[in-house]
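Trainee: Copied straight from TrEMBL:
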ACT_SITE  ASP80  active site, proton donor
BINDING   HIS81, HIS184, HIS214  Zn(2+) 1 binding site
BINDING   ASP102, GLU134  Zn(2+) 2 binding site
Amino acid sequence: MKTLKQIIQEADNGKTAIGHFNISNIEGLWGIFNGAKELNVPVIIGASEGERKFFGTKQIVAVVKSLREEFDYPIFCNADHCHSYESFKEAVDAGFDAVIYDGAKLSLDENIKETKRCVEYARSVNPEIVVEGETGYIGDSSKLLDSIPDGVAMNDAMTKSEDAERFVKETGVDLFSPAVGNIHGILKDIANPRLDIERVKVIREKAGVPLVLHGGSGIADEDFVSAIKSGIAIVHINTEIRIAYKESAKESFANCGEEIAPYKIMEKSVLAIKDVVKKRLELFSK
Ligand SMILES: [Zn+2]
């Protein structure tokens, strides 16, 4: 079985991307796993601090590992956006394959200092762990938005390649996620902003490590393809599967009549998530 590091390296070399999808529950996990398995591509299961709290931090690690072992399948888990050292440490200690420290709201100096501390801790526990850092605020939550959230890095505030270079060099992260026009969430009434593809290219060169695109939901297909060709090796999708889950669950609850077995009522949601995941993975692995 290849390690997550090897799989990321392969995606980076081949100019494809690995899909990263978040879960809150077991329906999400099966939907994502089944979608990836039908295409036979590796996949990363993400869990934010809120999602971890709901599912259980150690429990996510255990179920993802159980799929990896039972099916001999490259499925990995990532602790998405740890906003404190304590939260980061908890994820490392629980055995996550990858962990993100999110210091995007800090000054660059503070962000570097805290991320470096996280990298050192992670390596001391598990030399194989993948650590990601980020600069440039892109919003907090994977939800439907009325407008672009305050403080989101757009235009001149997007990640600068010289900052990316310094950040990676001084922190030692394995992966870097920039702000390049991407936002967490989907705008309700208008299309999400377009990505600055040229910026992706320059940041990838200067940073020297594979890049991660957060806030993939709502991004135009052609932007995905160009961004992946320019150095994005992992794409995060959350909002789109949350919408698929809610819409299908609403329909199931409206039509389930006397049925009370959750596993029957929620069956359609697993399929709805699988469809979104498959569609995205087909695009990312081109
Ligand atoms: Zn994110």
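Cβ coordinates are placed from backbone N, Cα and C, and glycine is handled just like the others.
Bear in mind that TrEMBL entries carry predicted annotations, made automatically and left uncurated.
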Trainee: Where the criterion is a Cβ under 6 Å from an atom of ligand 1, which of the binding-site residues ASP102, GLU134, HIS214 meet it?
Mentor: HIS214
Trainee: If you measure HIS214 (Zn(2+) 1 binding site) to GLU134 (Zn(2+) 2 binding site) at Cα, how many Å is it?
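Mentor: HIS214 (Zn(2+) 1 binding site) to GLU134 (Zn(2+) 2 binding site), Cα-Cα distance: 10 Å.
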Trainee: Which one of these binding-site residues has the most other Cβ atoms within 10 Å of its own Cβ: HIS81, HIS184, HIS214?
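Mentor: Of the binding-site residues HIS81, HIS184, HIS214, the highest Cβ count within 10 Å belongs to HIS214.
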Trainee: At the level of the C-alpha atoms, what whole-angstrom distance separates HIS81 (Zn(2+) 1 binding site) and ASP102 (Zn(2+) 2 binding site)?
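Mentor: Answer for this pair: 5 Å between alpha carbons.
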Trainee: I'm trying to understand the geometry here, so how far is the Cα atom of GLU134 (Zn(2+) 2 binding site) from the Cα atom of HIS184 (Zn(2+) 1 binding site), in Å to the nearest whole number?
Mentor: 14
Trainee: Provide, as an integer number of angstrom, the distance between the C-alpha atoms of HIS184 (Zn(2+) 1 binding site) and ASP80 (active site, proton donor).
Mentor: 12
Trainee: Could you give the Cα-Cα distance between ASP102 (Zn(2+) 2 binding site) and ASP80 (active site, proton donor), in whole Å?
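Mentor: The Cα atom of ASP102 (Zn(2+) 2 binding site) is 8 Å away from the Cα atom of ASP80 (active site, proton donor).
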Trainee: Going along the chain, which residues six or more apart from ASP80 (active site, proton donor) have their CB under 8 A from its CB?
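Mentor: Long-range Cβ contacts: HIS20, ASN22, GLY46, ALA47, SER48, GLU51, ILE100, HIS236.
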